[in-house]
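What follows is one structure encoded as structure tokens, with my remarks underneath.
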Amino acid sequence: MNTEMYQTPMEVAVYQLHNFSISFFSSLLGGDVVSVKLDNSASGASVVALDNKIEQAMDLVKNHLMYAVREEVEVLKEQIRELLEKNSQLERENTLLKTLASPEQLEKFQSRLSPEEPAPEAPETPETPEAPGGSAV
């Protein structure tokens, strides 16, 4: 790197950033598509133009990411709303079933829950036809 022609650390940093940006975008575009050498002979206008192109590309990426994130947030909000509604409906149904169940049915249900704790296996057993209460669905 030929940095002796630059007088301030800022000029050196800008030179290094430009070289990095050019090589990065060249690799993205597939090889030596961009062959620009930045030195004292490069005009200020071309440096500014390159800066503007890089900034535009970064803004475009940022805008696309923000749009995608907003879209995903809306989808997740809708899923949360649907789950809250379903949860509320199931809680109302559970309360109704508890009020309609006989003490014997409640006792039988509690006895199934006690030894197994959360009863994921209760629906799998085919012994449920004994309950005279009918289907909850």
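Even glycines carry a Cβ here, placed using N, Cα and C.
Bear in mind that the values here come from a model prediction, so they are computed numbers and not experimental data.
Under the heading compositional bias 'Low complexity', Swiss-Prot lists 128-137.
According to Swiss-Prot, the phosphoserine annotation covers Ser102, on the basis of similarity to another entry. Counting Cβ atoms from all protein chains shown, Ser102 (phosphoserine) has 11 others lying within 10 Å of its own Cβ.
Taken from Swiss-Prot, the feature phosphothreonine applies to Thr125 (among others).
Summarising the annotation, Swiss-Prot assigns phosphothreonine to Thr128 (among others).
Annotated region 'AP1-binding' per Swiss-Prot: 1-60, in sequence order.
According to Swiss-Prot, the region 'Leucine-zipper' annotation covers 76-97. Summarising model confidence by region, the region 'Leucine-zipper' (76-97) averages a pLDDT of 97.
Residues or ranges marked as region 'Disordered' in Swiss-Prot: 101-137.
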Can you check what DSSP calls Ser102 (phosphoserine), collapsed to helix, strand or coil?
coil
